[in-house]
Number of protein chains: 2
Amino acid sequence: MIHERHLFGPGPANPYPEATAALGRPLLGHLDPAFLDVMDATCDQLRQAWGTTSARTLPISATGSAGMEAAFVNTVHPGDVVVVAVNGLFGQRMCDVAARCGAEVVAVEHEWGHPVDVERVLAAHPAPAIIAAVHAETSTGVRSDIAALGAGKGDALLLVDAVTSIGGIELRADDWGVDVGYAGTQKCLGVAPGLAPFTINDRAFERRVERPQSWYLDLGLLGGYVGEAGAAGGSGGRTYHHTAPVAMVASLHAGLTRILAEGLPAVWDRHEAAGRQLQDGLEEMGLELFAQKGHRLPELTTVRVPDGVDGAAVRRTLLERHGIEIGAGAGPYAASVWRIGLMGHNARPDAALLVLSALREALASA
Amino acid sequence: MIHERHLFGPGPANPYPEATAALGRPLLGHLDPAFLDVMDATCDQLRQAWGTTSARTLPISATGSAGMEAAFVNTVHPGDVVVVAVNGLFGQRMCDVAARCGAEVVAVEHEWGHPVDVERVLAAHPAPAIIAAVHAETSTGVRSDIAALGAGKGDALLLVDAVTSIGGIELRADDWGVDVGYAGTQKCLGVAPGLAPFTINDRAFERRVERPQSWYLDLGLLGGYVGEAGAAGGSGGRTYHHTAPVAMVASLHAGLTRILAEGLPAVWDRHEAAGRQLQDGLEEMGLELFAQKGHRLPELTTVRVPDGVDGAAVRRTLLERHGIEIGAGAGPYAASVWRIGLMGHNARPDAALLVLSALREALASA
């Protein structure tokens, strides 16, 4: 049975049609010259999406959470102090992952729904090896100021989660001083989940762990896999590391081609407009937004479930009546918050209108 | 530009058409009830493919090599003795991965092209924590006797690489005493690369590492992700761990549905027949097979490049003239061996005929 869904939750979003079409094309071998061209082109496109010139920019062959693990496992030496800005679920996860790499974690806790307090994070330790933060917290719908962290990081490496920001809001890794970044494909990039766009600059790569505890995510080995020499202008020789998920890479390439044809600033504007329309509409309905004003993500809106309303029942109604998925809240806000995403292909006025209308209808009968 | 290929190398193979079609279907959210049904059904199907009743059987969200890492990272306690049967590239890789988990690795080296010497492996250490071996060595085209290892393992756990055997030749994890196994989707299962079918039984799970160095591959957390309680007949509650690669899981489900409709014994017979046809044909052409007689995999044939022939040039000719991919040899045999796979949807007489005819033609003009 085929189910058609409007994926208006925190991800995955409905992919761009071009990304879906690419999944159905004839499969190529992972060492086929035609596939290596696709991989090279995808890495080039990812550099644009990240706002970086770093040669070591690639799609890691697993989902976004593996990107987080790749970031820490390659940069944390045992005993390193890692300051983590925790303002939601993914900051918490960073602490867990970093600790498993042997880090001495200094967690800087924030109230959920608030952005990272840059001053407090920078003052948390006199000489951290790494400062880590989430650009767009998927659990709360909050944007934090990565550029300010980069400006104040000193000798530390800045490690950033861009899972829900890449392809949706402004992201300038090089300008902002991001040394290591990871993302996902299933949010604003508008591609199915399964890859983790990743970037690491020379500064971080030079300080890397020579033989990380993960073989699969060892960036020293992955350089040959994506033909890093080629990316840097060299001969592009490849080393077999693992079999690339060729269909997913082809799909990411197609999604990025669509995004870059539209132009990143236009894509960001489109997300901004759809998010504003949604958030204004929710407030007009008398609903209360959860994320702090001035720091709300346009691509992912958090809204409080009205008193006396069964949030899960409303979500079920939307799914069953209209095939619309919206998300529950995360962690302690699972029952009291909804998360509504208008990401990638869904960042459109008609999608905003549809989810507003459907929610109004469902609340009227709740 | 669309390239159509006959993928007759060591993998990926051309997927079953049903598996490709599933990739293009509307995407579901990873917590959608309809997707959870797909995930449950896929885990059930994987139990059949593995020949196990273990509740902890699931598709890990990364390629086969991450399956290897998941196997070791969850079972190796620091200082554990791990005996690894090394008769090719993937045995070597096991040593690297196990060592990064803190194992004391006892590598039992074999000549490439030969099967695992069970006596020697069992005698390598008096009390290993783990004995690890590759069922079907993708680098050499050799099958080893896993049941004999299982019969003699004693108190050790038996950890098996089934990347190139699952869905192609007989595999009976429970009957053979396999405690931990990992595989890939892009060989005989006839699905694009991107997932690692994985199984671990109670015996191994009870001895697992409580907080493995990998968060992404932590089986203690992944149990909730696939609704392990449901698999065991319980309520099937889900815990959010990471976003499942929903399109790939749907594709695996479709591929397995096709395989199980045909029936595993029939699928094994089909691989056996295609492989025999290919190997007989190669010998009739005067070529010399590389893998030791009596231990050759039907799904992956290794053959020596004839003296005076440029193996890479022949592969290039096949690719350019007919869109046929065959593989180079692995490791020290990169230039002197070809690897020809007839796996999954390609395990057919017409595919065997085509690759034989094309190779004969290419050699005549080489």
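Each residue's number is its place along the chain shown, starting with 1.
Quick reminder: no glycine exception, Cβ is built from N, Cα and C everywhere.
Because TrEMBL annotations are produced automatically, they should be read as predictions rather than curated entries.
According to TrEMBL, the domain 'Aminotransferase class V' annotation covers B:30-330.
In sequence order, B:Pro10, B:Gly11, B:Pro12, B:Ala13, B:Thr138, B:Val163, B:Thr164, B:Ile166, B:Gly167, B:Gly168, B:Glu299, B:Leu300, B:Gly341, B:Met343, B:Gly344 constitute the residues six or more apart from B:Lys187 (N6-(pyridoxal phosphate)lysine) in its chain with CB-CB distances below 8 Å. DSSP classifies B:Lys187 (N6-(pyridoxal phosphate)lysine) as coil under the three-state reduction. Feature annotation from TrEMBL assigns N6-(pyridoxal phosphate)lysine to B:Lys187.
Just so you know, the Cβ of B:Arg339 (substrate binding site) picks up 23 other Cβ atoms within 10 Å once every protein chain is counted. Reduced to three states, the DSSP call for B:Arg339 (substrate binding site) is strand. Here TrEMBL flags B:Arg339 as substrate binding site.
Across all of the domain 'Aminotransferase class V' (B:30-330), the predicted model scores a mean pLDDT of 95.
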